[in-house]
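Colleague: Here it is: the structure, laid out below.
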Amino acid sequence: MKTDTSTFLAQQIVRLRRRDQIRRLMQRDKTPLAILFMAAVVGTLTGLVGVAFEKAVSWVQNMRIGALVQVADHAFLLWPLAFILSALLAMVGYFLVRKFAPEAGGSGIPEIEGALEELRPVRWWRVLPVKFIGGMGTLGAGMVLGREGPTVQIGGNLGRMVLDVFRMRSAEARHTLLATGAAAGLSAAFNAPLAGILFIIEEMRPQFRYNLISIKAVFTGVIMSSIVFRIFNGEAPIIEVGKLSDAPVNTLWLYLILGIIFGCVGPVFNSLVLRTQDMFQRFHGGEIKKWVLMGGAIGGLCGILGLIEPEAAGGGFNLIPIAAAGNFSVGLLLFIFITRVVTTLLCFSSGAPGGIFAPMLALGTLLGTAFGMAAAVLFPQYHLEAGTFAIAGMGALMAASVRAPLTGIVLVLEMTDNYQLILPMIITCLGATLLAQFLGGKPLYSTILARTLAKQDAEQAAKNQNASAGENT
């Protein structure tokens, strides 16, 4: 009897253990539905705000250009008006940033990276209106900036806003929704959902806590953001360059050469960005009046430049198809490239609210097309198409500068719908990234974040020192 009882108890214990193991196994992949629901909300909001931001910037640009068209026959009015309109619009952006939310200046992507590490604040109630309205001013003025930086920062801040509205206190939820909003923001800017996901995994890999919950939330947010974008803007690729021919195997070595060129250009470009930032900091010294006037002057010059050489101003999306089609000579391509390098440095490094992705894509297109046209002359037996080198170069500068080759490859392929060029793009972007790393170049966003944190620590140390001095007196 005792033996039967012992056997029965042993069997019950085994059953309970198995049941507990099955329960734990089932719960291991049980993503909290609340986080997925909030990720869907964040993605939807980011898509709506991203589309609204794009439409608002286009409206400001059209209003400015429309005003200039009215006086196009009167040169004595046209040139001053072009300067004044762009200067005033730019000054709005600079003033709002400096006065209400300094963290909204520049791209905003380093701020999201810092927030993921709990090193930078997320004041969404300030950043959202400042980044939106300020970006309308600077991008509407025709400055050489992109809208992807604002939408990424706006998306991340929307993620924190949703978290606060639903009163979630979990550190995991806070981190996950911030990353979800950032990924949805990139997707909303470029209609590139896969690039948005890869951007979080690759570019923000030191900060992103990869687990089943976070990655499912990012997927959910990006899906919703992309759906919203396509409802309003359609499903066509954001950059229309047409279907280009494949790259024959015997020409792939040329793409490696192109990657080597960008591997040299990337670190130099990053160094110029940082040095220009230091130059502007020395000029205005943190004084809001000097900073706003400086921004107005840069904006006004971009307005004038838009009259002289329209291709040298603006984010660059309109320039990319024209350049990739081979409508410029090699000399003119290089001239526009140098001009846009200068304008990109002035606009981005001055702290204007706006991104640098779009300007870098345009720069890569210009240099890639110039290389392709030169190679076509040097190697006529290959029957090369310059547009394929334009596509490869478009992602190569981003890969070398930001050190995110996968994101650069997928982003360009999604934006242009030329997936058949994936092999030459891999060769170009990988070559650019490896050489940039070998030359000692540092990722641009990580370097900017490190400088921001160093400045933050210095300011905090100065405050503590002043407080101690006050107590001693």
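Glycine residues also receive a Cβ, built from the backbone N, Cα and C atoms like all the rest.
If you look up Swiss-Prot, you'll see SER107, ILE356, PHE357, TYR445 marked as chloride binding site, on the strength of sequence analysis. The intramembrane segment annotation in Swiss-Prot covers 109-116, 177-189, 193-201, 387-401, 405-416, 417-421 and rests on sequence analysis. Residues or ranges marked as motif 'Selectivity filter part_1' by Swiss-Prot on the basis of sequence analysis: 106-110. Among the features that Swiss-Prot reports, motif 'Selectivity filter part_2' is placed at 146-150, with the record citing sequence analysis. Feature annotation from Swiss-Prot assigns motif 'Selectivity filter part_3' to 355-359. The feature site 'Mediates proton transfer from the protein to the inner aqueous phase' is assigned by Swiss-Prot to GLU203. Swiss-Prot lists 1-32, 117-123, 167-176, 202-214, 282-287, 439-473 with the feature topological domain 'Cytoplasmic'. As annotated by Swiss-Prot, topological domain 'Periplasmic' applies to 70-76, 233-252, 310-329, 377-386, with the evidence given as sequence analysis. The transmembrane segment annotation in Swiss-Prot covers 33-69, 77-100, 124-141, 148-166, 215-232, 253-281, 288-309, 330-349, 355-376, 422-438.
Let's see these features in context: how buried, what's close, how far.
Modeller: Residue environment of TYR445 (chloride binding site) contains 24 other Cβ atoms, counted within 10 Å of its Cβ in all protein chains.
If you look at the intramembrane segment (109-116), the same-chain residues 6 or more away from its ends with a CB under 8 A from one of its CBs are 103, 122, 149, 152-153, 156, 160, 175, 178-179, 182, 203-204, 206-208, 355, 445-446, 448-449, 452-453.
Counting residues 6+ beyond its ends, the intramembrane segment (177-189) has Cβ neighbours under 8 Å at 35, 38-39, 42-43, 46-47, 49-51, 54, 109, 112, 115-116, 122, 146-148, 151-160, 162-163, 168, 195-197, 199-200, 204, 208, 214, 217-218, 220-222, 224-226, 228-229, 355, 357 in the same chain.
Taken residue by residue, the motif 'Selectivity filter part_2' (146-150) breaks down under DSSP into 3 helix, 1 strand, 1 coil.
Per-residue pLDDT, averaged across the motif 'Selectivity filter part_3' (355-359), gives 93.
Applying an 8 A CB threshold to same-chain residues 6+ apart, the list for GLU203 (site 'Mediates proton transfer from the protein to the inner aqueous phase') reads ILE109, VAL402, ARG403, ALA404, THR407, PRO443, TYR445.
Listed by sequence, the residues of this chain that lie at least six past the ends of the topological domain 'Periplasmic' (70-76) yet keep a Cβ under 8 A from its Cβ atoms amount to none.
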Colleague: Using the recorded chloride site (SER107, ILE356, PHE357, TYR445) as reference, state which further residues of the same chain have their Cβ within 8 Å of the centre of those residues' Cβ atoms, listed in sequence order.
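Modeller: Apart from the listed residues, the neighbours are GLY106, ILE109, GLY146, GLU148, GLY149, PHE348, GLY355, MET360, VAL402, LEU444.
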Colleague: Out of SER107, PHE357, which of the binding-site residues has the smallest number of neighbouring Cβ atoms within 10 Å?
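Modeller: Relative to the other binding-site residues in SER107, PHE357, SER107 has the fewest Cβ atoms within 10 Å.
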Colleague: Between the transmembrane segment (253-281) and the stretches 33-69, 215-232, 355-376, work out which stretch tops the count of Cβ pairs under 8 Å.
Modeller: 355-376
Colleague: Please figure out which one of 124-141, 148-166, 422-438 racks up the most CB pairs under 8 Å against the transmembrane segment (355-376).
Modeller: 148-166
Colleague: Of the listed stretches 77-100, 124-141, 215-232, 288-309, 422-438, which one has the most C-beta pairs under 8 A with the transmembrane segment (33-69)?
Modeller: 215-232
Colleague: May I ask which residues of the same chain, at least 6 positions away in sequence, place their Cβ under 8 angstroms from the Cβ of ILE356 (chloride binding site)?
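Modeller: Same-chain residues close to ILE356 (chloride binding site) (Cβ under 8 Å, separated by 6 or more) are SER107, LEU145, GLY146, GLY149, VAL273, THR344, PHE348, LEU444.
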Colleague: Report yes or no: does the intramembrane segment (193-201) come within contact of the intramembrane segment (405-416), defined as 3 or more CB pairs under 8 Å with a sequence separation of 6 or more?
Modeller: yes
